Amino acid sequence: MHFQIDKTDSKARACTIKTAHSTIQTPVFMPVGTVGAVKALDATDLATFIKPEIILGNTYHLYIRPGDEVIKTMGKLHGFTKYPKSFLTDSGGFQAFSLSDNVKIDEGGITFRSHLDGSKHYFTPKKVIDIQNNLGSDIMMILDDLVALPATQERIKASIERTTRWAEESITYHRANQKKGIGVDQNIFAIIQGGTDKAFREKSAKELCRLDYDGFAIGGLSVGEANQDMYDTVEWTTQFMPEEKPRYLMGVGTPEDLVENVSRGVDMFDCVMPTRNARNGTLFTSFGKVNIKKAEYTTDAGPIDPECGCMVCQTYSRAYLRHLFRSREITYFRLATIHNLYYYLNLMKEMREAILEERFNDFKVTFYRKRGK
């Protein structure tokens with residue numbers, strides 16, 4: 001991986017990341033393609049209408065079905081999905097916790113049962129790297145010990161200590177594999193934990209950032225805490241993260257979250273919000289959210305967002321989108337997803353341009369003014 005900082009404007013950063021498959025300009029939002037596809041879209045839709053340089057895949061789901069060995073046989077993720085740009089795959093730990101009953105964690109890893117057939121599985125730090133080697137992703141996330149908030153101080157402390165031990169095991173294993181010719185073009189990120197406790201976040205960041213990782217993520221946020229708590233935690237944590245490596249905030253979030261966390265020095269984001277909300281009838285615009293289910297759009301001939309350059313806004317009316325949604329027409333899911341993802345990626349592009357031109361604060365003021373804030 002090649003990483004360079006192109007420009008900073010206060011704490012906001014415009015950077016360039018080069019992987020084996022694409023050149024990624026930050027700030028970047030990564031559409032979520034959980035099972036190897038962004039829901040309602042195919043690789044042609046992505047290439048034609050969204051044009052992301054990187055998307056996210058889910059290690060847990062791809063391991064459970066169709067299986068990482070199958071995907072390896074089919075040319076890894078790039079050959080299997082025909083998406084030619086970069087993939088980031090998460091470790092699958094979050095899904096192992098959230099989708100499985102009777103999850104057990106020990107010093108070696110996580111025991112869980114498949115949400116599909118109840119079969120028993122064991123994820124270890126080395127196992128999730130082996131799986132991601134088979135998937136062939138450009139950026140791999142390591143296994144970490146997740147903590148659901150609120151949690152006791154003892155539980156958070158134990159989580160940080162275990163995450164550090166697993167991180168040490170993971171980086172040693174990955175670098176040894178690379179010397180054997182395995183995962184040579186794959187990059188690996190560690191995940192900083194600690195809840196919203198500043199002392200724990202500092203401890204986790206300092207312990208992990210001394211290790212030879214290609215980038216670092218802030219995990220364990222956007223799980224129900226107040227927005228300001230998230231922002232404060234990110235602002236506190238980034239000061240302990242190396243400037244010369246990418247910073248990734250996992251599972252975040254709303255357009256406001258993206259703007260606020262870019263202003264605090266974050267480079268990379270992912271979230272299911274634009275795709276999930278699209279399917280549920282919520283569309284994102286420069287002026288806030290549009291609930292396409294509302295009767296007021298029945299005869300509205302205007303686009304979803306008059307400032308949006310996406311194919312949907314250039315072609316179709318709010319009235320038509322509302323009709324498709326109410327009819328449960330599959331075409332609606334595709335069009336709404338294209339619009340929401342275009343909006344998100346264009347927002348990142350606008351932020352990058354503002355940083356490069358040293359007018360990020362003005363951009364932020366305009367962003368909120370359009371929303372009446």
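Glycine is treated like the rest: Cβ placed from N, Cα and C.
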Range among 6-12, 132-138, 174-180, 251-257 that Swiss-Prot annotates as region 'RNA binding': 251-257
Feature region 'RNA binding' in Swiss-Prot, mapped to one of the ranges 150-154, 235-239, 275-279, 305-309: 275-279
Given Swiss-Prot lists Asp90, Ser91, Gly92, Gly93, Phe94, Gln193, Gly220 for substrate, the same-site residue among Asp42, Asp144, Asp267: Asp144
Annotated companion of Cys308, Cys310, Cys313 at the Zn(2+) site, Swiss-Prot, chosen from His121, His339: His339
Nearest recorded site to Gln193 (substrate binding site) by CA-CA distance, among recorded positions Asp90, Asp270, Cys308, Cys310, Cys313: Asp90
Non-site residues, in chain order, whose CB comes within 8 A of the mean position of the CB atoms of Cys308, Cys310, Cys313, His339 at Zn(2+): Pro303, Ile304, Asp305, Gly309, Met311, Val312, Gln314, Ile338, Tyr342, Tyr343
Pairwise CA distance, His339 (Zn(2+) binding site) versus Asp270 (active site, nucleophile), rounded so that it is a whole Å: 17
Pairwise CA distance, Cys313 (Zn(2+) binding site) versus Asp270 (active site, nucleophile), rounded so that it is a whole Å: 24
Fewest-neighbour residue among binding-site residues, criterion Cβ within 10 Å, set Gly92, Gly220: Gly92
